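Over in TrEMBL, the protein carries these features:
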- 2-280: domain 'UvrD-like helicase ATP-binding' (DOMAIN)
- Ala23, Gly24, Ala25, Gly26, Ser27, Gly28, Lys29, Thr30: ATP binding site (BINDING)
- 281-498: domain 'UvrD-like helicase C-terminal' (DOMAIN)
Amino acid sequence: MSRLNPRQQEAVNYVGGPLLVLAGAGSGKTSVITRKIAYLVQQCGIRAQYIVAVTFTNKAAREMKERVGTLLRGGEGKGLTVSTFHNLGLNIIRKEHERLGYKPGFSIFDESDIKALLTDIMQKEYSGDDGVDEIKNYIGAWKNDLILPEEALEKARNPKEQTAAIVYLHYQRTLRAYNAVDFDDLILQPVKLFQEHPDVLQKWQNKVRYMLVDEYQDTNASQYLLVKLLVKDRAQFTVVGDDDQSIYAWRGARPENLMQLKEDFPSLKVVMLEQNYRSTSRILKCANVLIANNPHVFEKQLWSEMGHGDPIRVIRCRNEDAEAERIAMEILTLHLRTERPYSEFAILYRGNHQAKLMELKLQHHQIPYRLSGGTSFFGRQEVKDLMSYFRLLVNPDDDNAFLRVINVPRREIGSATLEKLGNYATQRKISMYAACDEMVLTEHLDSRFHERLQRFKRWMDGIRRQCAENEPIAVLRSMVMDIDYENWLRQNASSDKV
């Protein structure tokens, strides 16, 4: 799309105040955002270092940055921030860690870390971990709504919520002792910091002269407030969204944030992008009929100049096996009949569990394919475990790596012990690993647990020395055998895939 249509151009050129761009699917919203960034730099004289563009995925942020890079010349893009909400929050926490009470190099807990900690807390407090996933969801929802543990406890309406709030209290206290944050804290902590410290807020407001936000219908309460705080006085921003594309209400997204904008910023201008560049008229007509059943905040009608296109067919199959077979045969038949390359076909499915059957059918019919998404190699439990061991060998100050491996395999060192160790390390301004063999630690810990920590540290120190003196790969293989990791993995794996 080399040229912008009149609506797109209007959205790019408007800098007179807050702007909401209602962008239907395939309407060229990314082009609008990237062209607007270039317009702000080249025509409005705003230096790139004062422009912040935020989206929801790392992939979208990378694509946006690459496209902006082709529009800006020389050093025009120097200092431009294009990131996800969570990376923006992470950057704020890193810069303001002292005001938030964290040591440098704080850890970020991922999903498996969070679940392991919650399981440990529940086994200690309630002698079992039934409902750990539900409690994890409660905590995530509270954080997205900016509700701290004490407030959650006050608002608890039934025993289940009360239990979740108590676990939340222990969980947050333990995270603090570990010098760690979780994913939801990356928004919660900056918002609370800005609310409680006006001087810090003003400093960050001065860094943001213009803000652009993509997929605004997917923002939750804390993300909306973060944007509002950063742009409040100047109100120089563009948000792009579509209430008809909101599919994340289950994880806290609030499409009503689009309407809230009008209340918080009465001078808000709205520009609608209704021309679709991705689909044929038949597809859009079908989509418009379906979406008409949704409750609407804004009325719009998508249209296209790409012709009518092929008819849409709905095929009913007996079961999942028959469905996968039919899809494979449809692709094979069209490929042979029309010589259309396999790269022009795509299969979309609702859940990852459907991929296996689809792959088997494609392989059976010798149809080449590439699976998009799924679990990254570096996201697998065994890779993360062993990488954490390697990280700790290279950098003994890596608290996140220490916390991941200290009980892999189990060394009978519970969350209460690690909480005390974390508090002691924070007080001493040293890493948890370094604190393990300090004699003063016995004043805070039972001698049994202190001995276990010392034993672990001595073992790791020995492996580090061996790596320096011998062939590291052989030493690391020996380490994996020494901890009997494969057997531990088999005993603790949730499926037979191990």
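Note that Cβ sites are derived from N, Cα and C of the backbone, with glycine treated the same way.
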Does DSSP give Gly28 (ATP binding site) helix, strand or coil?
coil
Are there any residues at least 6 positions away along the chain from Ala23 (ATP binding site) with a Cβ closer than 8 Å to its Cβ? List them or say none.
Lys29, Val32, Val240, Gly241, Asp242, Leu273
Going by C-beta under 8 A and a gap of 6 or more residues, the same-chain neighbours of Ala25 (ATP binding site) are Asp242, Gln245, Asn276, Arg278, Ser279, Ala287, Leu302
By a 10 Å Cβ neighbour count, the lowest-scoring of the binding-site residues Ser27, Thr30 is Thr30
Can you give me the residues near the recorded ATP site, meaning same chain, not Ala23, Gly24, Ala25, Gly26, Ser27, Gly28, Lys29, Thr30 themselves, Cβ no more than 8 Å from the center of the site's Cβ atoms?
Asp242, Leu273, Asn276, Tyr277, Arg278
Minimal Cβ count within 10 Å, across the binding-site residues Gly24, Gly26, Gly28, points to Gly26
